[in-house]
Amino acid sequence: MPIAGKATLTQYIIEERRRHPGATGALNALITDVSLACKAISRKVALGALGDVLGSASTQNVQGEEQKTLDVLSNDMFLRANEWGGHVAGMVSEEMEEPYLPPQQQYPRGKYLLLFDPLDGSSNIDVNVAVGSIFSILRAPTPEADAKPEDFLQPGTEQVGAGYAIYGPSTMLVLTLGNGTHAFTLDPQLGEWVLSHPNLSIPRQTSEFAINASNSRFWEPAVKRYVDECLAGKEGPRGIDFNMRWIASLVAETHRILMRGGVFMYPRDSKEAGRDGRLRLLYEANPISFLIEQAGGMASTGRRRLMAVEPESIHQRIGFVFGSSDEVARVEAYHSEEPQDTYQAPLFGKRGLFATAA
Ligand SMILES: O=P(O)(O)OC[C@H]1O[C@](O)(COP(=O)(O)O)[C@@H](O)[C@@H]1O
Ligand SMILES: [Mg+2]
Ligand SMILES: [Mg+2]
């Protein structure tokens with residue numbers, strides 16, 4: 001029985017399965033397991049200091065980043081919730097250098113690959129700002145066998161499902177199975193995800209952008225030009241005032257854009273040699289792109305469709321621009337119009353607002 005006329009997550013995925021007559025139910029079961037991990041993480045996050053889970057784990061992950069206690073705990077919850085069902089052939093996590101294969105003697109191998117960022121935006125935990133978990137589901141090239149590292153290197157267009165949970169004032173799960181993007185709110189009393197926002201749709205136009213402006217001296221000319229024009233407001237070439245946001249939590253920024261539009265940029269920059277961007281392709285940018293496209297938005301590297309990128313390594317980083325389609329298309333156009341070092345931005349010059357030279 002739907003709750004207050006709204007479907008639950010279980011009812012929604014059963015209904016979705018009817019579109020695929022040959023389906024075995026394994027994908028539904030996997031999504032249920034993922035959503036269970038998210039409920040467990042939500043409980044831990046909500047306890048905050050009382051759960052004794054804040055602060056650093058005093059370890060580093062494969063990318064050399066400090067691991068928070070909750071990063072490690074959340075990773076463990078994802079692994080435990082998803083290994084026993086026998087639906088995955090292997091998992092890739094931000095927190096683990098190599099793909100994880102569930103112990104063979106205990107758990108059977110399934111036909112899916114699960115890739116996840118168990119806790120996204122973890123620099124925000126200690127200050128009680130929204131964080132989340134992001135996941136992507138691919139088909140295992142060899143079902144029922146141990147997944148090989150190269151099996152995970154599939155472009156985002158191959159995803160069969162993707163989503164995130166956001167642990168904010170309310171806990172929500174936002175999901176796509178390739179048939180629209182839908183948001184479920186967790187009813188904490190019932191422990192049920194209830195379909196509160198079906199068929200999300202991102203407006204094509206927006207006057208809100210999100211970027212970490214402290215990186216401005218490392219940006220490429222096209223990004224400088226785009227931001228500069230937004231900052232120039234009514235008097236500038238865009239002729240409107242823009243609003244700016246930066247939460248430093250990809251799930252929270254994505255959620256805002258899915259709810260009211262906007263554009264997010266963590267573009268390729270020159271901050272660290274040999275690094276294309278900040279965000280990870282397989283378990284951050286690809287699943288967010290799938291959700292954004294299914295809600296009518298655009299997701300790009302800044303130059304081309306992000307989900308078309310052929311991955312080269314499991315922890316690969318990438319430039320990422322997504323949101324309202326008119327703005328993302330504009331950023332792509334600026335990249336093709338502005339070859340390196342051509343744009344002399346007034347706001348980024350010697351005496352500008354974001355001065356780049358002393
Ligand atoms: O610290 P910065 O440069 O503002 O970067 C923030 C970005 O880093 C992230 O926190 C990276 O995710 P993790 O916390 O999972 O490493 C994103 O959520 C966010 O968009
Ligand atoms: Mg992350
Ligand atoms: Mg993370």
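Quick reminder: no glycine exception, Cβ is built from N, Cα and C everywhere.
Automated prediction, rather than curation, is the source of TrEMBL annotations.
Among Glu94, Glu95, Glu97, only Glu94 appears in TrEMBL as part of the Mg(2+) 1 site alongside Asp117, Leu119. Just one of Glu284, Glu293, Glu310, Glu312 is listed by TrEMBL for the same Mg(2+) 2 site as Asp117, Asp120, and that one is Glu284. Nearest in space to Asp117 (Mg(2+) 1 binding site), taking C-alpha to C-alpha distance over the binding-site residues Ser123, Asn212, Glu284, is Glu284. Counting every protein chain shown, the number of other Cβ atoms lying within 10 Å of the Cβ of Asp117 (Mg(2+) 1 binding site) is 29. In the shown protein chains, 27 other C-beta atoms lie within 10 A of the C-beta of Glu284 (Mg(2+) 2 binding site). Among the binding-site residues Glu94, Ser122, Asn212, the residue whose Cα lies closest in space to that of Glu284 (Mg(2+) 2 binding site) is Glu94. Excluding the listed site residues Asp120, Gly121, Ser122, Ser123, Asn212, the same chain places Asn124, Val131, Ala248, Ser249, Leu250 with Cβ atoms within 8 Å of the centre of the substrate site Cβ atoms.
Using the Cβ center of Glu94, Asp117, Leu119 for Mg(2+) 1, the list of other same-chain residues with Cβ within 8 Å runs, in sequence order, Asp71, Ser74, Asn75, Ser93, Glu95, Phe116, Pro118, Asp120, Ser122, Ser133, Ile134, Tyr283, Glu284.
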